[in-house]
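**Student:** Here it is, the structure, as structure tokens.
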């Protein structure tokens, strides 16, 4: 089977994607697969470079990768791919839309407002949220462009910066609590990981710098673990995820708040999902096999 490892892309997370792709290539079973590295530098590259592969193993992140566009292109080309489908990918990439769905389903997520232009900034709404606040690009991952702000001046300055990353911004109530992440594979939960870091926020640098964070598998108290597991699986189902996903949460006063759901979480040595899988006895090469096998089954079930 010719496995195309799709990496690169046109988003701000291109370098993260290349790290993920190289890690996958180094650990795929060379006796089982013919591996075809495919680095995208522009959108049209996919159509030409992927035409002779049997399966696309996606190592992409951010826009044109994690947002459903590549998934839709591959479906048009008749090439099965890894992870969630086009619809789920697009929903999860849009923080505002995904939070609306989670709120509708009764899943706790921090209060927020969405902003598409500076002129629409409503200070009465901000006062209801209360500082500090978290400013995020509506579409993005790896905490790129994310910052905690403590007053209106800092907020306005950060909004100007984030609008350079994205046309929509999410301003979210800051939840100070215990940061955890829940990885799900084929509808089943992997061990929960706690994240403690030297930086105030688990930002881009912290995510890819082992020295700045402590990530460890934890056993939560039974009642809290049940709430966390229930919330993470509810997210996975409500947002129509498939194959694998990672649900990031903040726990405060015994309540798990969902921060976001990642349909193509990082897969480098420093990444959380592989660490969680390893804690469950699934080594990295085996995890890649399982992603390929499960994705092929799911695509078939979808009528692909």
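Using N, Cα and C of the backbone, Cβ positions are placed for all residues, glycine too.
Feature table excerpt (Swiss-Prot):
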DOMAIN    99-293  domain 'ATP-grasp'
BINDING   126-181  ATP binding site
BINDING   248, 260  Mg(2+) 1 binding site
BINDING   260, 262  Mg(2+) 2 binding site
**Student:** Among the binding-site residues 126, 133, 175, which residue has the largest number of other Cβ atoms within 10 Å of its own Cβ?
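**Tutor:** The residue with the most neighbouring Cβ atoms within 10 Å is 133.
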**Student:** Between residue 161 (ATP binding site) and residue 248 (Mg(2+) 1 binding site), how far is it from one CA atom to the other, in Å?
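**Tutor:** On Cα coordinates alone, these residues lie 24 Å apart.
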**Student:** Looking at the binding-site residues 161, 262, which one has the fewest other Cβ atoms within 10 Å of its own Cβ?
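**Tutor:** Counting other Cβ atoms within 10 Å of each of the binding-site residues 161, 262, the minimum falls on 161.
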**Student:** For residue 260 (Mg(2+) 1 binding site), what is the tally of other C-beta atoms lying within 10 angstroms of its C-beta?
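**Tutor:** Cβ-Cβ neighbours of residue 260 (Mg(2+) 1 binding site) within 10 Å number 22.
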**Student:** Tell me the Cα distance separating residue 262 (Mg(2+) 2 binding site) from residue 154 (ATP binding site), rounded to the nearest angstrom.
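**Tutor:** Their Cα atoms are separated by 28 Å.
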**Student:** May I ask which of the binding-site residues 133, 147, 168, 262 is closest to residue 248 (Mg(2+) 1 binding site) if we compare their C-alpha atoms?
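**Tutor:** Comparing Cα positions, the candidate nearest residue 248 (Mg(2+) 1 binding site) turns out to be 262.
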**Student:** In angstrom units, rounded to an integer, how far apart are the Cα atoms of residue 126 (ATP binding site) and residue 262 (Mg(2+) 2 binding site)?
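**Tutor:** Residue 262 (Mg(2+) 2 binding site) has its Cα 27 Å from the Cα of residue 126 (ATP binding site).
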**Student:** In three-state terms from DSSP, label residue 175 (ATP binding site) for me.
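**Tutor:** The residue in question, residue 175 (ATP binding site), is coil (DSSP, three-state).
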**Student:** How big is the gap, in Å, between the Cα of residue 133 (ATP binding site) and that of residue 260 (Mg(2+) 1 binding site), rounded to a whole number?
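**Tutor:** Here the two Cα atoms are 16 Å apart.
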**Student:** If you measure residue 147 (ATP binding site) to residue 262 (Mg(2+) 2 binding site) at Cα, how many Å is it?
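**Tutor:** Spelling it out, the Cα of residue 147 (ATP binding site) and the Cα of residue 262 (Mg(2+) 2 binding site) are 19 Å apart.
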**Student:** Inside 10 Å of the Cβ of residue 168 (ATP binding site), count up the other Cβ atoms and send me the figure.
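**Tutor:** So the number of other Cβ atoms within 10 Å of residue 168 (ATP binding site) is 17.
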**Student:** Given residue 260 (Mg(2+) 1 binding site) and residue 175 (ATP binding site), what distance in Å do their CA atoms have, once rounded to a whole number?
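**Tutor:** Cα of residue 260 (Mg(2+) 1 binding site) to Cα of residue 175 (ATP binding site) measures 13 Å after rounding.
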**Student:** If you average pLDDT over the domain 'ATP-grasp' (99-293), what do you get?
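**Tutor:** Value for the domain 'ATP-grasp' (99-293), mean pLDDT as a whole number: 90.
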